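Peer 1: Quick one: the structure is below, and I'll ask about it shortly.
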Amino acid sequence: MSVTETDLCVIGGGSGGLSVAAGAVQMGARVVLIEGHKMGGDCLNYGCVPSKALIAAANAAHAPQQPNAFGVTPTTPDVSYQGAMEHVGRVIETIAPHDSVERFEGLGVDVRQGYAKFVSPEEVEVDGHRIRARRFVIATGSSPFVPPIPGLESVPFLTNESLFDLRKRPQHLIVIGGGPIGIEMAQAHRRLGSDVTVLEGATALSADDPDIAKVALDAIRKEGVVIEEGALVSEVSGKSGAVTVKTKDGREFEGSDLLVAVGRKPNIDKLNLDAANVAHSEKGIDVDSALKTSNRRVYAIGDVTGGMQFTHAAGYQAGIVVRSAVLGLPSKARTDHIPWATYTSPEIAQVGLTEAQAREKYKDKLKVARADFSGQDRAIAQDDTRGFIKVMVVGGRPVGASIVGPHASDLIGIWALAIANKLKMSAVTSTVLPYPTLGEINKRVAGNYFSPMIFESALLKRVVKWVQRFLP
Ligand SMILES: Cc1cc2nc3c(=O)[nH]c(=O)nc-3n(C[C@H](O)[C@H](O)[C@H](O)COP(=O)(O)OP(=O)(O)OC[C@H]3O[C@@H](n4cnc5c(N)ncnc54)[C@H](O)[C@@H]3O)c2cc1C
Ligand SMILES: NC(=O)c1ccc[n+]([C@@H]2O[C@H](COP(=O)([O-])OP(=O)(O)OC[C@H]3O[C@@H](n4cnc5c(N)ncnc54)[C@H](O)[C@@H]3O)[C@@H](O)[C@H]2O)c1
């Protein structure tokens, strides 16, 4: 059996693994990258990219139908589900070269196709070859978790891995799970013309602030998506085109297609982790704050660690690992500054602590500032004033921000910057932004934080009177 010696062996060519491989090889390390399936991983092939492309198509179908303030008569366009899915395919094809074997080989990475498995603490095997590395990075991602619901073994169902292969619009899509996957895909399918029912066992979009989630969920319900909360699915039956779903409290729902979106399971089965002494649980691979596993030669990043499961989180962790494994520098990963967004209409975005988390941690030291899109000139001009922002502030510095409203996913950036760099609220108020922009809501909320201190201060009023008496 051939043995290749290398500095760094990256297992998994998705968001995390590709970032490590590209960074390390360009810094001069010898890098082997092993990918078992499709380069680009979940994000490119079954996740962020196809879902956002489908949402864009759904939004284009929805917009002309809406009553509006612009004097434009609503119309009912012909909407082709197949056309929307073909758009999804083209978007993947357009982005794929960036993540391709050819590009990475061009950068100098030794790319191997096949599933890697450890055979010792410093060796893996792939496709009959052995790779011995000074350091390993496991970035094997996650797969849809399929719960042991009676009936699911015999009823056809979709997951994020098969959904984007559909060409025929589901007549009535039943979505099990009201997390970000379920809710994003529910609204997109409604906008493309399907009836949609979401069955959520607990609370929909439960990772987000409840006031924020409510604005989005109310809007989605208003578009006709049925979202049942406290509806734990306990049994499914039927066949393709006619499925029945029962919930624990005895309710029954009928639809044509089933999408299972109840969370993720880490891709660890093929890795033979015990041979490498890498500790793990059903949640994923255990890592410390430097992203090292119980084997000091082996790091793990991204979804496989069961932490924040976002492409940008995997990318951030890749940078931490490159610093440590390639440059030998001490490096620790944070999570407090990692934002996320859910691409519903209106959008949701969060960074740092929610109000409830901040209240629990900081008690009465917490101040919460809020601003509504209804007071935003640009939002008014665009006739989209749903939503608001709240910022959690402790000692003059933001510790969290929550936004629901137009372009929330972009607007959260300034708070991600502020929290990452421990900036004060005054850094936001002293920034000048072009008028009229949605971004001004960030200045407005920061202004609202200072207003009571400035406009309700008796001392300041006395000082102003005194200054005015003597000002020449
Ligand atoms: C429907 C959906 C929508 C999403 N939308 C967003 C979004 O809008 N924004 C966002 O930030 N995140 C989103 N995510 C999450 C995002 O896709 C993941 O967090 C991200 O892909 C994780 O990157 P990763 O590198 O950990 O894993 P992946 O990108 O999945 O890469 C893992 C790779 O490892 C390979 N692999 C597995 N086992 C082995 C092995 N033994 N040997 C070799 N290779 C192996 C796999 O084939 C895969 O290519 C979404 C996810 C889904 C499912
Ligand atoms: N915009 C984004 O960034 C984005 C979009 C999609 C996915 N993602 C990532 O993918 C991850 C997985 O998303 P997800 O939506 O699959 O998982 P999730 O864990 O966020 O949500 C799953 C939901 O399913 C519910 N559930 C579980 N069992 C059930 C049952 N038997 N009946 C009814 N409901 C049940 C849970 O209560 C939960 O609310 C996310 O946490 C996120 O990290 C990100």
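Using the three backbone atoms N, Cα and C, a Cβ is placed for every residue, glycine included.
Unlike curated records, TrEMBL annotations are generated automatically.
Small disclaimer: the values here were computed from a predicted structure and weren't measured.
Checked TrEMBL, it gives:
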- 7-318: domain 'FAD/NAD(P)-binding' (DOMAIN)
- Cys43-Cys48: disulfide bond (DISULFID)
- Lys52, Thr140, Gly141, Ser142, Asp303: FAD binding site (BINDING)
- Gly177, Gly178, Gly179, Pro180, Ile181, Gly182, Ile183, Glu184, Glu200, Gly263: NAD(+) binding site (BINDING)
- 338-441: domain 'Pyridine nucleotide-disulphide oxidoreductase dimerisation' (DOMAIN)
Peer 1: Can you tell me how far the Cα of Ser142 (FAD binding site) sits from the Cα of Ile183 (NAD(+) binding site), in Å?
Peer 2: 19
Peer 1: May I ask which of the recorded positions Cys43, Cys48, Ser142, Ile183 have a CB within less than 6 Å of any atom of ligand 2, listed in sequence order?
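Peer 2: Going through Cys43, Cys48, Ser142, Ile183 in sequence order, none turns out to be close to ligand 2.
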Peer 1: Return the member of Gly177, Ile181, Ile183, Asp303 nearest to Cys48 (disulfide bond) in space, with distance defined Cα to Cα and candidates limited to these binding-site residues.
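Peer 2: If we rank Gly177, Ile181, Ile183, Asp303 by Cα distance to Cys48 (disulfide bond), first place goes to Ile181.
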Peer 1: Asp303 (FAD binding site) to Ile183 (NAD(+) binding site): how many Å between their Cα atoms?
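Peer 2: Each residue's Cα considered, Asp303 (FAD binding site) and Ile183 (NAD(+) binding site) end up 20 Å apart.
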Peer 1: With DSSP as the reference, give the number of residues of the domain 'Pyridine nucleotide-disulphide oxidoreductase dimerisation' (338-441) in helix, strand and coil.
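Peer 2: Across the domain 'Pyridine nucleotide-disulphide oxidoreductase dimerisation' (338-441), the residues distribute as 38 helix, 32 strand, 34 coil.
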Peer 1: Going by Cα-Cα distance, pick out whichever of the recorded positions Cys43, Lys52, Thr140, Gly141 is nearest to Ile183 (NAD(+) binding site).
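Peer 2: In terms of Cα distance, Ile183 (NAD(+) binding site) lies closest to Lys52.
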Peer 1: Have a look at the recorded positions (Cys43, Cys48, Ile181, Ile183) and report the one with the fewest Cβ neighbours inside 10 Å.
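Peer 2: Among the recorded positions Cys43, Cys48, Ile181, Ile183, the lowest count of other Cβ atoms within 10 Å belongs to Cys48.
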Peer 1: At the Cα level, what's the spacing in Å between Ile181 (NAD(+) binding site) and Gly141 (FAD binding site), rounded?
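Peer 2: Here the two Cα atoms are 16 Å apart.
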Peer 1: Report the recorded positions (Cys48, Gly177, Asp303) that meet this criterion: Cβ distance to the nearest atom of ligand 1 under 6 Å. Use sequence order and write none if nothing qualifies.
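Peer 2: Checking each Cβ against ligand 1, the ones under 6 Å are Cys48, Asp303.
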